[in-house]
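Structure record follows, encoded as structure tokens.
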Amino acid sequence: MTGQLRHMLRDDDLNHAEQLQVLELGMKFRENRFYRQPFAGPQAVAVLFDKPSTRTRSSFSIGVAELGGYPLVIDKSGSQLGRGEPVADTARVLTRMAYGIVWRTFGQDRVEAMAKYATCPVVNALTDDFHPCQVLADFLTIAQFRGGVKALAGKTIAYVGDAANNMANSYLLAGAVAGMHVRVAGPYGYLPRKDIVDDAERLAAENGGSILVTTDPREAVAGADCVFTDTWVSMGEEAEYAIRSKPFWDYQVNDDLMALAQPDALFQHCLPAYRGKEVTTSVIDGPQSVVWDEAENRLHAQKALLTWLVGQQRGDESLLA
Ligand code: CP
Ligand code: NVA
């Protein structure tokens with residue numbers, strides 16, 4: 001195979017077959033933390049943060065090290081990027097030294113600009129619009145507990161809460177790519193953008209899934225195999241805290257709502273969680289919750305993604321499976 005530079009900027013940057021490949025690779029890394037070491041050398045991967053992080057920071061730092069590489073972690077406060085150096089200039093410098101660039105930032109246009117000028121794979125580690133690494137880990141978690149990667153297509157997933165945020169958007173796109181039935185519920189004013197719903201509907205039709213966007217949390221959760229929620233106030237929205245809490249109370253994931261899903265439905269939350277707000281303690285700390293496996297799966301899923309991306313770039317099939 002000839003090498004091809006690929007990036008992961010939004011969930012539909014992988015097609016159905018590619019998403020399956022990455023998730024199968026994730027299962028291999030679950031079994032053997034040192035399954036592949038594409039960055040042996042060590043080769044460096046730059047991991048940049050313009051927003052806070054615990055899980056993404058630790059899983060990429062530890063993950064790159066376990067892949068044989070060196071994680072160069074740079075925070076906004078310690079970089080020229082944080083002082084306004086153009087993204088294009090940063091991209092052209094980092095790409096001369098690093099073998100991959102992972103970035104958590106605000107606008108989606110910023111990771112797109114990084115990818116335009118980088119000659120190594122660029123990975124979106126969360127933007128205002130998408131969190132594709134998280135959803136790969138979430139799907140790996142469903143695969144872990146519910147019959148493997150091939151059993152993902154046809155499953156029904158429900159996301160309830162702020163349906164206009166990055167997690168909702170990523171479930172829509174990644175679930176559509178996977179051929180799942182994706183249901184998203186949020187209050188008026190907090191529903192996903194039309195262009196994202198349109199893309200998800202097209203992808204779902206191609207892959208045998210379906211999309212439902214509703215203001216009724218019960219309709220979304222009824223019969224679901226997995227229920228997801230997320231904070232009502234995402235990073236960067238802290239000033240809206242007071243006005244945001246109000247519309248979401250009907251969308252809290254509690255025992256009554258979970259009772260409408262499949263009896264063995266899984267509960268997932270990307271974390272950090274606010275108990276008593278978007279989810280009750282009884283659910284997140286209850287028997288259906290798999291949030292700690294979900295958090296661990298960030299490590300395995302992202303190692304798989306990085307390995308797959310450099311495998312594509314190098315034209316090395318041994319890194320794709
Ligand atoms: N879920 C997630 O991305 O967590 P962090 O903000 O801690 O990285
Ligand atoms: N929607 C949340 C996800 C955190 C991992 C945020 O963007 O803050």
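Just so you know, the numbers here start at 1 and follow the chain as drawn.
The backbone N, Cα and C atoms fix where each Cβ goes, and this holds for glycine too.
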- prompt: Pick from Arg30, Arg33, Arg244, Arg298: which one does TrEMBL list with Ser53, Thr54, Arg55, Thr56, Gln80, Arg104, His131, Pro132, Cys133, Gln134, Cys270, Leu271 for the same carbamoyl phosphate site?
  reply: Arg298
Message: If I go by TrEMBL, which of Asn166, Asn169, Asn207, Asn297 binds L-ornithine at the same site as Asp230, Ser234, Met235?
response: Asn166
Query: Tell me which residues of the chain lie with their Cβ under 8 angstroms from that of Cys133 (carbamoyl phosphate binding site), as long as they are six or more apart in sequence?
result: Met8, Thr56, Val123, Asn124, Ala125, Leu126, Arg298, Ala301, Gln302, Leu305
Task: Mind telling me which of the binding-site residues Arg55, Arg298 has the densest Cβ neighbourhood, counting other Cβ atoms within 10 Å?
output: Arg298
Query: Among Ser53, Arg55, Cys133, Arg298, the binding-site residues in the record, which have a C-beta under 6 A from ligand 2?
result: none
Field: Averaged pLDDT score, the domain 'Aspartate/ornithine carbamoyltransferase Asp/Orn-binding' (154-309)
entry: 98
Task: Find, for the listed binding-site residues Met235, Cys270, the residue with the lowest Cβ contact count at a 10 Å cut-off, counting only other Cβ atoms.
output: Met235
Task: Report the binding-site residues (Arg55, Cys133, Asn166, Met235) that meet this criterion: Cβ distance to the nearest atom of ligand 1 under 6 Å. Use sequence order and write none if nothing qualifies.
output: Arg55
Field: Residues flanking the L-ornithine site, with Cβ no more than 8 Å from the Cβ centroid of Asn166, Asp230, Ser234, Met235 and excluding those residues themselves
entry: Leu126, Asp128, His131, Asp162, Asn165, Met167, Thr231, Glu237
